[in-house]
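J.: Checked Swiss-Prot, it gives:
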DOMAIN    5-39  domain 'WW'
DOMAIN    52-163  domain 'PpiC'
MOD_RES   Ser43  phosphoserine
MOD_RES   Lys46  N6-acetyllysine
MOD_RES   Ser71  phosphoserine
MOD_RES   Ser108  phosphoserine
REGION    33-54  region 'Disordered'
Amino acid sequence: MADEEKLPPGWEKRMSRSSDRVYYFNHITNASQWERPSGNSSSGGKNGQGEPARVRCSHLLVKHSQSRRPSSWRQEKITRTKEEALELINGYIQKIKSGEEDFESLASQFSDCSSAKARGDLGAFSRGQMQKPFEDASFALRTGEMSGPVFTDSGIHIILRTE
């Protein structure tokens, strides 16, 4: 139990049914990894709660027909289902994790957000500027860490914390 308490915020230890190995899952970012996460979710906190006042992230957004605005710079009317959007997101995550593609090139080609023109870079932001699930995931990530699928009213995101 003491081992669990030392995990960074949002992380929990789980057992893989397929490989019978322990892995770590972050319920805020939906990230999973075999290696035990170390340290705090951030360093140099400036807001008195052990987290930075601002973070910088890039993201790849896949919208679906239930998104709050089902259109993008890439497509006037988005008709894909939420399930199809999640399938695309999971495929992108696999390509990034395998090294087949890098985050920035996928974001610039396939993101439904206009930030695609900046390779997914959203710049720095503080709490209260983004939709809550996106914000929570962004602040829970460590610099250089990528989330799993993050669901917001805009669609499904992969978030990469860059600062």
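Our numbering is plain: 1 for the first residue shown, then up by one each step along the chain.
Every residue, even glycine, has its Cβ placed from backbone N, Cα and C.
Here the structure is a predicted model, which means the values were calculated and not measured.
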J.: Which residues of the same chain, at least 6 past either end of the domain 'WW' (5-39), have a Cβ under 8 Å from a Cβ in it?
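T.: Residues 136-137, 140-142, 145-150, 159 contact the domain 'WW' (5-39) from elsewhere in the chain.
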J.: Please report the Cα separation of Ser108 (phosphoserine) and Ser71 (phosphoserine) in Å, rounded to an integer.
T.: 17
J.: Does DSSP give Ser71 (phosphoserine) helix, strand or coil?
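T.: Where Ser71 (phosphoserine) sits, the three-state DSSP reduction gives coil.
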J.: Compute the average pLDDT of the predicted model within the domain 'PpiC' (52-163).
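T.: It averages 95.
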J.: For the domain 'WW' (5-39), give the DSSP counts of helix residues, strand residues and coil residues.
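T.: For the domain 'WW' (5-39), the helix, strand and coil counts are 1 helix, 12 strand, 22 coil.
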J.: Taking DSSP states H, G and I as helix and E and B as strand, how many residues of the domain 'PpiC' (52-163) are helix, strand and coil?
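T.: Helix, strand and coil residues of the domain 'PpiC' (52-163) number 39 helix, 26 strand, 47 coil.
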